[in-house]
Protein chains: 2
Amino acid sequence: MAEGSTLTEAPRVLRVALLGGGTVGSQVARILLDDAEALAARAGARLELVGIAVRNVDAPRDVELPRELYTTDAESLVASADLVIELMGGIEPARTHIIAALRRGASVVTGNKALLAQDGATLFDEADAHGAELNFEAAVAGAIPIIRPIRESLSGDRITRVLGIVNGTTNFILDAMDTTGAQFEDVLAEAQRLGYAEADPTADVEGLDAAAKAAILASLAFHTRVTLEDVRCEGITGVTASDIAAAQDAGMTIKLLAIAELVPAGAAGDGVSVRVHPTLLPAKHPLAAVRGAYNAVFVEAENAGALMFYGAGAGGAPTASAIMGDVVTTARRIIAGSPGRAGTTRTLPIVGLESVTTSYSIGLEVADEPGVLSRVAQVFADHGVSIETMRQKLEQKIGRGEVLPAAEEGAHGAGRAELRFVTHRASEAALAATVADIKNLDVVESVTSVLRVEGI
Amino acid sequence: MAEGSTLTEAPRVLRVALLGGGTVGSQVARILLDDAEALAARAGARLELVGIAVRNVDAPRDVELPRELYTTDAESLVASADLVIELMGGIEPARTHIIAALRRGASVVTGNKALLAQDGATLFDEADAHGAELNFEAAVAGAIPIIRPIRESLSGDRITRVLGIVNGTTNFILDAMDTTGAQFEDVLAEAQRLGYAEADPTADVEGLDAAAKAAILASLAFHTRVTLEDVRCEGITGVTASDIAAAQDAGMTIKLLAIAELVPAGAAGDGVSVRVHPTLLPAKHPLAAVRGAYNAVFVEAENAGALMFYGAGAGGAPTASAIMGDVVTTARRIIAGSPGRAGTTRTLPIVGLESVTTSYSIGLEVADEPGVLSRVAQVFADHGVSIETMRQKLEQKIGRGEVLPAAEEGAHGAGRAELRFVTHRASEAALAATVADIKNLDVVESVTSVLRVEGI
């Protein structure tokens, strides 16, 4: 049998190097200094902060820390450390420092989602080759423990799907649109004023931040390699107040979801689809209740069923909590004499949206005259797309939320009407062909929105 | 620096013994046999099921497994295993077998909450002394990863409070009462018919099952030792349809919560309060949305803020998922050459309810005459208990949900009225004295309910 080794009980010291002194870095340093005693008890070793590498030693900081800790010489700091915490962000020089640490056998804790989404595989290989650990709980959904549950707690199960609200800015904006009925641009301006959105909000509102996290989640959930380039990404800039109102009428809400799922890939067996897009969810879905800037990740596994992990997705202290959990856990393993390993990976094919079926919500502006619904419905039927529900709203006649059950009945005026269809699951190809033909109908003024639906 | 060891890449075999062949055991065995290849890739070793110890080899089973795996000789099975999965439940002989395994240096995975709540400390000491691991994710909240997040992900933070819906039967019953307005007894009978409640429901409805889980959660969250005897426990048998209706009127819902919190214990510093009781929660609290037999654990930590973990709390497959996550993770560490350690514990004083302050909801049946509210309010004031809200309902005059804003106004008849108070935080002693004095008022017919409130 495997021989258990008795643990060393002598007090140990681990030299910890911190790269980056920004919002999260300052909080991590504060915790390392202030909670030294409790951390030592939990880690089995004193965690000695030997330095903080920054670009400018004299820059003003949020948190007051001993000045002598700061250095611009990240390379020397890494060369002297047992454990490196990388919080510089971006690709270089973070990547070079992480690889230097791993090659020395020093373990690394990072929250660098961009680097992991672009080049995680290289880093994991370096860690495995040199008996070091690479941990990154803070890279996805801030303080929410999601990486460790997927890597460890669910390692004996088969995850089939991950749906995540992993960007607080976009959830704040969509939630505010949902609550106030305001347009995207107005809510974005307010979010910027309140500090929930950056001056340049592109990475958030175009879904790029969520896409990096989707790549990381998909890699872990399906034990395969997924990079940012594999993620099909659509942001929330096209979501209108009218889309939100129509969703509410239908008992739904719109969320920007990072979706990773196992899908059949023909004879090859399983494939993986990874995508980020605005998605309609029924109001009773657990993710629909995630308000404001909160994050949540919903995981479906063969045996465990549905699980959800909820909490603060960003902020200095919450992210520092995730970093410190990794630091203590990594320290325990270093002290115990051997870091963990992630398990082998396979390479599953990445499947494009053309092979994925989802339900769709389609909004049309049509002439308010008899026979319109029948003609539109015929187009759906021609493409084999089956309709689950249809709602009609006569413009400027009845208020928002009041819906006529049957489009063909009642009096018709000279005005226009709005039709909202929700389809059964259909392929993107069938849907695109349906929408193209609907646009060509003379009774259709415009296709006002096409949104995907999950959870029905 | 700590020397990283290069991992052995040769194929390894770990001998796995399973104690218990019931609902969960059968599912665990099925997964070990059916998913052997995927598990080997993730664990870094083939997990060979060497036998299943049961009381009766010939008993009928849910899952068809090779008959030669069954044995009644648990002792020999344990003596030959690298990893033991204990799913017998109860105290003995489970305790003896677990200790025998740990003393041989074999790691153990168990879902035995009763044993852990009664004697976990002894088992952890044995594991540490012999370099073995003891993992128990399945013991609390079934498939939901909560033990590992608390032990590892939050090990660098300071947890201040844990609120858990950790018993599916009672949540099913309370949710059904909330939805249908029915009385406890009727809903319990229906839950028994549907298989959500046992023929003898005592352990569930009296809160004992939740109390064992509360003890385990408190021990982990606060790095201290808490046993079942330390948990103040009250079940849901006293919750009436009228309590539920009054909660709804106030925008709240009633849940059976396992509560563990750090509280000041005078000069000694921190103390711990652990309790299980029916609790009013505002409808917008994340735990209020946990319906049916689902479980969820809400954790508050100093840096992470509020986190919630949600999923299926029971059932063969979900519980087997939690067991298998522990099995794979433990196997990885055995292969890597060293099991983990839990970190040192301290011993915090257990604080009785007399030192804990909470808000309370108090229902009174009073004479419907002028001056009553003022006399009742004076009693609260005399004991320094401050009132947050008061609602009055005149019986048989107005329907449920219609509330008069001021008890002193309007016409009064010869009937009775119901008053519902919610207090600000008060000690149990002050509350008990208040209730005793209110009962003595001649205008008070009865105190219909006293419930604690969280999350406001």
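Numbering starts at 1 and runs along the chain as displayed.
Every residue, even glycine, has its Cβ placed from backbone N, Cα and C.
Annotated features in TrEMBL:
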type     : residues                                                               : note
ACT_SITE : B:Lys213                                                               : active site, proton donor
BINDING  : B:Leu19, B:Gly20, B:Gly21, B:Gly22, B:Thr23, B:Val24, B:Gly25, B:Ser26 : NADP(+) binding site
BINDING  : B:Lys113                                                               : NADPH binding site
BINDING  : B:Glu198                                                               : L-homoserine binding site
DOMAIN   : B:361-452                                                              : domain 'ACT'
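For the pair B:Thr23 (NADP(+) binding site) and the residue listed as 'L-homoserine binding site', the C-alpha distance works out to 15 angstrom.
The residues near the NADP(+) site, meaning same-chain residues not in B:Leu19, B:Gly20, B:Gly21, B:Gly22, B:Thr23, B:Val24, B:Gly25, B:Ser26 whose C-beta sits within 8 angstroms of the mean position of the site's C-beta atoms, are B:Leu18, B:Gln27, B:Val28, B:Ala29, B:Ile52, B:Val54, B:Leu87, B:Met88, in sequence order. Look at B:Ser26 (NADP(+) binding site): DSSP puts it in a helix. DSSP gives B:Leu19 (NADP(+) binding site) a strand state. Taking every protein chain shown into account, B:Gly20, B:Gly25 are the binding-site residues, and of these the Cβ with the most other Cβ atoms within 10 Å belongs to B:Gly25.
Reduced to three states, the DSSP call for the residue listed as 'active site, proton donor' is helix. Every protein chain shown contributes to the tally, and the Cβ of B:Leu19 (NADP(+) binding site) ends up with 27 other Cβ atoms within 10 Å. Of all Cβ atoms in the shown protein chains, 24 besides its own fall within 10 Å of the Cβ of B:Val24 (NADP(+) binding site). In terms of Cα distance, none of the recorded positions chosen from B:Leu19, B:Ser26, B:Lys213 sits within 10 Å of B:Glu198 (L-homoserine binding site). Comparing B:Leu19 (NADP(+) binding site) with B:Lys213 (active site, proton donor), their Cα atoms are 21 Å apart once rounded.
Neighbours of B:Gly21 (NADP(+) binding site), defined as other CB atoms within 10 A of its CB across all chains, total 25.
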